[in-house]
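As written in Swiss-Prot, here are the features:
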- E138: active site, proton donor/acceptor (ACT_SITE)
- R110, S111, S112, L113, A114, R115, D128, V136, L137, E138, Y171, K178, Q182: dCTP binding site (BINDING)
- 180-194: compositional bias 'Polar residues' (COMPBIAS)
- 175-194: region 'Disordered' (REGION)
Amino acid sequence: MRLCDTDIERYLDEGIIEIIPRPSNEKITGATVDVRLGNSFRVFREHATPYIDLSGPREEVTAQLHKVMSEEIIIADGEAFFLHPGELALATTLESVTLPDNVVGWLDGRSSLARLGLMVHVTAHRIDPGWQGKIVLEFFNAGKLPLALRPNMAIGALSFEILSGHAAKPYNARKDAKYKNQQSAVSSRINQDD
């Protein structure tokens with residue numbers, strides 16, 4: 001069952017779901033709560049790497065990832081990050097989210113941004129039960145013009161579903177949780193897959 005706005009407010013009031021900083025009740029409507037863009041970004045560098053072998057030896061994948069991903073880029077409040085057509089970038093939500101082990105979250109981009117060509121999450125929009133941390137966004141500009149993205153702008157909406165029971169392996173309890181407690185735009189850790 002997906003939570004409605006009054007249930008989202010109640011879950012926040014009771015501390016069942018945590019969103020820090022807490023959004024105002026005006027940002028909780030229908031079945032979603034708005035989230036804003038943080039100030040941590042990562043991009044792909046100009047590079048000569050012909051490809052990344054996603055199933056290659058762990059050491060080679062790690063070396064390839066280090067060659068192509070930038071260090072963390074911090075954008076000051078009021079400044080803009082420009083995402084050019086055909087570019088992919090990583091960023092975070094301003095808010096940090098904590099879910100219990102019986103709630104799954106879903107991130108959706110804003111329709112107004114999609115109509116300009118901005119994909120907020122390329123494919124990974126599930127927030128696992130037991131999640132704690134900021135949500136990394138996988139931005140892609142499918143439009144024709146560069147887009148100026150500024151910290152604190154409304155970037156997406158979260159919705160929440162109650163599971164049929166409590167997850168036996170919630171994200172925060174898993175030893176293989178690669179992005180546990182993330183607070184910045186962490187690049188891919190596919191090299192840590194088994």
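Here the Cβ of each residue, glycine as well, is placed from N, Cα and C on the backbone.
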DSSP output for S112 (dCTP binding site) maps to helix
Quick one: give me the count of other CB atoms within 10 A of the CB of S112 (dCTP binding site).
-> 9
Across every protein chain in view, the count of C-beta atoms other than its own within 10 A of the C-beta of E138 (active site, proton donor/acceptor) is 17
Which residue, out of the binding-site residues A114, L137, shows the minimum number of other Cβ atoms inside 10 Å of its Cβ in this structure?
-> A114
Assigned conformation of L137 (dCTP binding site) - DSSP reduced to three states = strand
Rounded Cα separation (Å) that holds between D128 (dCTP binding site) and the residue listed as 'active site, proton donor/acceptor' = 17
Measuring Cα to Cα, tell me the gap between A114 (dCTP binding site) and the residue listed as 'active site, proton donor/acceptor' in whole angstrom.
-> 13
List the residues of the same chain that sit at least 6 positions away from R110 (dCTP binding site) in sequence and have their Cβ under 8 Å from its Cβ, in sequence order, or write 'none'.
-> V120, A154, I155, G156, A157
